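According to TrEMBL, the protein carries these features:
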type     : residues : note
REGION   : 1-22     : region 'Disordered'
COMPBIAS : 8-22     : compositional bias 'Polar residues'
TRANSMEM : 60-78    : transmembrane segment
DOMAIN   : 60-470   : domain 'Major facilitator superfamily (MFS) profile'
TRANSMEM : 98-119   : transmembrane segment
TRANSMEM : 126-144  : transmembrane segment
TRANSMEM : 156-176  : transmembrane segment
TRANSMEM : 188-210  : transmembrane segment
TRANSMEM : 216-238  : transmembrane segment
TRANSMEM : 286-307  : transmembrane segment
TRANSMEM : 319-340  : transmembrane segment
TRANSMEM : 352-369  : transmembrane segment
TRANSMEM : 375-398  : transmembrane segment
TRANSMEM : 410-430  : transmembrane segment
TRANSMEM : 442-463  : transmembrane segment
Amino acid sequence: MAEKKSEGSSSDHASIEKSSAQRIEVADVYDFGGDTTLPPPPKLTPEQEKKLWRKIDMRLMPILTLMYLFSFLDRGNIGNAKLQGLTTQLNLTGNKYNIALTMYFVPYCLFECPANLVLKKFRPSRWLPGITITWGIIMTLMGLVKNYPQLVGTRVVLGVTEAGLFPGVVYYLTLWYPRHMLQFRVGIFYGGATVAGAFSGLLAFAISFMSGTDGMLGWSWIFVCIIAVGILAFFVLVDFPSTATFLTPEERAFVVWRKKYDNSSVGEEEHFAIRHVWQAFSDWQVWLHILIYMSIIGPLYGISLFLPSIINGFGFNTAISQLLTVPPYVFATIVLIVFAIWSDRIQKRSPFILAGLIMCLIGFAINISEAPIGVKYFGTFFCVSGSYAAFPGIVAWLGNNLAGQYKRGVGMALHIGIGNFAGAIASNIYRTQDAPRYIIGHGVELMFVGIGFITLPLAVVIYTRINAKRDAYEKEMEEKGIKYTTQELRKLGDRAPDFRYIL
């Protein structure tokens, strides 16, 4: 009896050890930021997977797009406000208007990197709605400014509060979606900006008739923001796939698994270490992508801030100028969505960025020439659609090619933050004394496009060579029996031999 008991105890002990080992293996494979409570991921059919991503899209994309729509609406409406009496009421003589535009970009660029570092700490569901409500309050107060120093002050504070929104949302999307599904989501999200461009023109046209109401000119009413969007986001937005209560545990496990092993055979690092910051700062591709980013963001901000003035220079009155800004943005939204779907389908980014640069080249070349007014207005369609449609691809491209959650967060913040200094430059190139042709402004925009024509092919060539070298090295590893541990591969991130850059 004693022997049987001993034998049974030994068998039970072995069974417990085996079960523990299996749990440890599952925990190691499916761990997400320390969360080992999820079940193993289910096997889904293509139709089931498509249905799951639609479910996630319907929860995340509408509120994120709405938040950014109002952000860009508020930010870009100062261009319409200029025509509605801003410069006259605040006595913005000389280059004061351009300085007010520039002062927004300085804190906006400086605070993007810190904002991305704290996003995971403060939780996206609180951080993103919180800053939305904050800049909503600032924008409401901006409608009450009475002089130039107040305008500059509110623009500075606005830059601080809005700094965390765009890079934060793009980084947030990279935590949810596999890299070959990212540009379409960034495109939908950023489509809010193009819709805002069209809507701001319609809104400005309508508000122009409110001039004098409660003692304020029409432009003051443009800046009254709907803070309810931020409050709504507190209840709609969720944090991470592993904690999303609107998904079942099995669905959460699938999304975590699908994202974690999207760009690596061993998953990516998810815990913060100070080396991630240094890796982002010292990565060549971040700095090269900053120049590519500038080549599009310069034309984008230039045309979004000054399109009403450019069209006004064609000889149209203020109200008609506001209305004529709408069609280019509608066209740009269509091109943006087409580019995003096509790019994700063929899993390439650079061809669509190149197409955007070519469109910008055509548009600004037409507008710097002595072409008839109708042709120049036609050229604005190329300027707006080229810059807006290429932008999601630029952001998604770097996000696709950085591995490690915190390295990607810092790298993308640097990319967007430093790159946005081109927006500060674009704020000062369309000077009042250069109207109506704005030769200097269009010329500088063409310079930005030229930078893109140099840096974009350079990035493609470098990526192609690195991918080819890694293909050869993997064959050599197989022949010589060279192996890396899981931890070593995770630590290498996008420098790992099994990582391939997207072109």
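Any Cβ shown, glycine's included, is placed from N, Cα and C.
Bear in mind that the values here come from a model prediction, so they are computed numbers and not experimental data.
Spatially, the transmembrane segment (286-307) is adjacent to the transmembrane segment (352-369); three or more Cβ-Cβ distances between them are under 8 Å for residues at least 6 apart in sequence.
A mean pLDDT of 82 is what the model gives for the domain 'Major facilitator superfamily (MFS) profile' (60-470). In this chain, the transmembrane segment (442-463) lies in contact with the transmembrane segment (352-369); the count of Cβ pairs under 8 Å, excluding pairs fewer than 6 apart in sequence, is at least 3.
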